[in-house]
């Protein structure tokens with residue numbers, strides 16, 4: 001196999017020491033990293049030597065919550081509260097979704113994500129075969145699940161459970177290991193307790209983790225207390241959800257003792273800061289969760305509530321918001337925000353032995369940032385520049401498993417023009 | 001003079017009706033707009049017809065508070081509270097500043113601002129002749145003032161006042177009218193009452209507005225109360241500051257009755273949301289100020305506390321933050337956030353008869369956004385896409401007074417490489 005090395009980069013390893021090589025190198029072969037460090041002397045042994053000339057090189061970003069198909073609804077409805085936005089705007093139009101919508105919506109999201117440096121993402125939606133096929137074709141990496149809303153007849157629920165189980169089984173470790181799966185009840189407010197228990201049983205049987213929306217809004221928590229006499233965390237604990245490895249999305253409204261439960265079961269959290277602000281859901285207690293040792297990662301949620309998938313915006317927001325609303329400028333420094341977007345993201349989806357940092361033996365998933373721009377001058381602190389001044393638009397090249405998927409800021413695995421044409425064709429057909 | 005028209009654009013006029021032409025045109029001649037509307041039939045009368053092929057065209061953005069020279073300190077110190085950041089990090093290094101630092105720091109900021117669509121900005125700093133010369137050469141538009149910190153001897157204060165007055169007088173309406181001036185005591189906590197009164201007197205004499213930092217932190221407000229027995233708004237009112245047209249930066253900690261005073265005197269506000277979050281200064285009552293009819297515009301503050309000058313980040317933050325922290329998803333909708341960045345910005349610096357909207361007779365200051373990107377697909381609501389999904393990095397072409405200053409995302413009036421070289425040379429010399 002071909003041996004490739006990038007030299008003269010500012011290498012942000014995101015390893016346990018947070019090692020940064022100011023003028024370093026990264027090499028890979030057969031999809032895996034074979035060298036990370038100072039520029040070696042044996043460059044002659046490489047088939048290809050790429051001089052990145054001072055650009056930043058860092059692990060591909062990990063977006064731990066989203067709904068790629070929903071990119072068709074970007075800008076379709078804004079400035080509304082969550083329940084009204086869901087019930088009056090999103091659900092009626094999503095009811096018109098076909099496989100085609102899932103397919104092209106996912107491709108649109110893939111363009112955005114790859115183009116802005118996200119190499120791995122979590123997706124919870126339906127028509128997941130279409131999503132998985134698009135991921136496979138694009139060269140991206142993803143942990144996918146068929147999100148189940150438990151409204152309707154028992155027959156409908158069972159057919160969803162079968163579909164979700166088949167998906168989780170058939171696609172796990174596919175696409176050369178780039179696709180893994182989960183089982184996913186949509187939320188405690190859209191699934192009855194017995195349905196959630198059935199899903200937990202299936203996840204245990206298939207040995208895949210669980211993914212669920214939880215404690216996103218105050219209204220949801222109040223409804224849970226009214227209906228089940230418990231707040232969502234305790235409710236899900238009782239239903240045995242946390243007996244499986246679990247990733248919860250949001251966790252905006254969790255009290256101190258609830259965080260203790262999440263910590264006890266090592267429940268992973270995907271915090272969706274921008275979506276939570278836009279839908280007025282609130283501000284999650286992220287500094288407190290981090291203090292309790294909970295793995296907190298970042299997610300965009302869908303581009304219907306964000307409204308883009310440029311993960312650099314989440315990173316900057318993570319480093320800004322808590323400082324401002326808690327009156328403490330030391331909260332979540334730049335380095336921690338970047339960890340949340342890389343290594344903590346990998347930990348949150350149980351892939352930290354493969355991705356999330358640049359270390360020999362891990363997968364060659366990495367991105368290159370064009371630093372020949374004013375935003376990165378003068379050269380003081382690269383991690384600060386990346387977090388506080390950078391943008392996903394500055395991502396120049398993206399590699400997944402050693403294969404280049406973005407070159408000079410353009411996706412090479414997806415025909416962008418065709419995707420733009422198809423998504424506009426589809427949305428014009430909505431009733 | 002040459003007549004130019006852009007056609008086939010999505011024209012966001014930001015006029016009083018917030019008119020958007022989905023397939024419109026903008027024409028200019030001699031630096032002024034001569035046509036805004038649907039594509040006219042008399043295209044043959046134009047010397048140049050530019051087809052923007054669906055791109056967005058909108059007024060140049062107006063950044064109403066910053067310190068361009070401080071871009072040399074981007075990433076020099078982060079994750080610290082305001083006073084410690086200022087006293088231990090910024091002021092010692094700023095003491096080493098020369099004219100050269102002001103010059104090249106300003107050029108670096110100008111590259112960032114023009115490149116990301118800001119055509120007009122406010123600057124408060126020293127060595128302002130250097131700043132003004134850079135503005136003039138770059139083709140940008142600015143309202144500039146020599147910010148006076150009143151520490152030190154009476155002699156020093158008087159020399160600053162003379163310098164500030166001479167600057168305000170000499171540069172007002174220069175650079176073909178693109179440069180206007182103000183008088184600026186740095187803040188109530190760095191200037192004695194009598195010094196502020198002297199500055200007000202000079203502003204009145206020179207007939208230029210006032211610009212001042214005010215109520216940025218709780219500590220500042222507490223100190224003002226302790227020292228002068230009043231909160232800053234009342235203090236400045238008593239000193240006669242508001243008898244002059246005044247733009248205050250920050251106004252984070254203002255109570256309801258203080259907002260009434262600001263409204264009564266038509267004091268303009270520059271809200272610096274990102275800088276206020278990063279320095280943990282707090283969240284200003286922007287929705288309340290807007291409700292009281294106060295003109296609230298947006299500012300980046302310097303790239304030492306932001307850490308970039310990409311104004312799209314401020315716009316999105318304005319549309320996000322208040323929703324999330326006030327639990328109301330209807331607060332500051334996309335359109336209002338964009339108004340704050342354009343027409344309200346122009347109003348805040350008393351230039352709304354010249355800039356801030358695309359209307360016939362106004363100056364031809366406008367920007368073109370490259371919408372052939374995933375972030376702008378599918379086509380639902382252009383203003384939503386611009387605010388929630390856009391980035392300053394998507395700005396393609398920028399015109400000020402009808403002169404193109406950015407072409408294909410590169411500054412044509414500034415040698416970017418030379419500026420990057422100079423700023424790095426200068427920061428390496430800091431002690």
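Including glycine, each Cβ sits where the backbone N, Cα and C put it.
Keep in mind that this is a model prediction, so the values were computed, not measured.
If you check TrEMBL, you get these features:
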BINDING   B:65, B:67, B:213, B:301  Zn(2+) binding site
BINDING   B:94, B:146, B:186, B:216, B:301  substrate binding site
DOMAIN    B:56-405  domain 'Amidohydrolase-related'
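Across all of the domain 'Amidohydrolase-related' (B:56-405), the predicted model scores a mean pLDDT of 97. Note: the Cα of residue B:213 (Zn(2+) binding site) and the Cα of residue B:146 (substrate binding site) are spaced 13 Å from each other. Surrounding the centroid of the Cβ atoms of B:65, B:67, B:213, B:301, where the record places Zn(2+), the chain contributes additional residues within 8 Å, namely B:66, B:124, B:249, B:250, B:270, B:272, B:275, B:299, B:302. Straight-line distance linking the Cα atoms of residue B:67 (Zn(2+) binding site) and residue B:146 (substrate binding site), rounded to a whole number, equals 10 Å. DSSP gives residue B:94 (substrate binding site) a helix state. Comparing residue B:301 (Zn(2+) binding site) with residue B:216 (substrate binding site), their Cα atoms are 12 Å apart once rounded.
Cα separation, residue B:216 (substrate binding site) to residue B:65 (Zn(2+) binding site), rounded: 13 Å. Residue B:65 (Zn(2+) binding site) falls within neither a helix nor a strand when secondary structure is assigned with DSSP, and so counts as coil. For residue B:67 (Zn(2+) binding site), the Cβ neighbour count at a 10 Å cut-off comes to 26, with all displayed protein chains included. Within the same chain, residues at least 6 positions away in sequence whose Cβ sits under 8 Å from that of residue B:94 (substrate binding site) are B:70, B:73.
Just so you know, the Cβ of residue B:213 (Zn(2+) binding site) picks up 24 other Cβ atoms within 10 Å once every protein chain is counted. When the binding-site residues B:65, B:146, B:186 are compared by the number of other CB atoms within 10 angstroms of each CB, B:186 has the fewest. Taking every pair among B:94, B:146, B:186, B:216, B:301, the residues recorded as binding substrate, the greatest CA to CA distance is 20 Å. The number of other Cβ atoms within 10 Å of the Cβ belonging to residue B:301 (Zn(2+) binding site), over all protein chains shown, comes to 28. For residue B:216 (substrate binding site), the number of other Cβ atoms no farther than 10 Å from its own Cβ, over all displayed protein chains, is 26.
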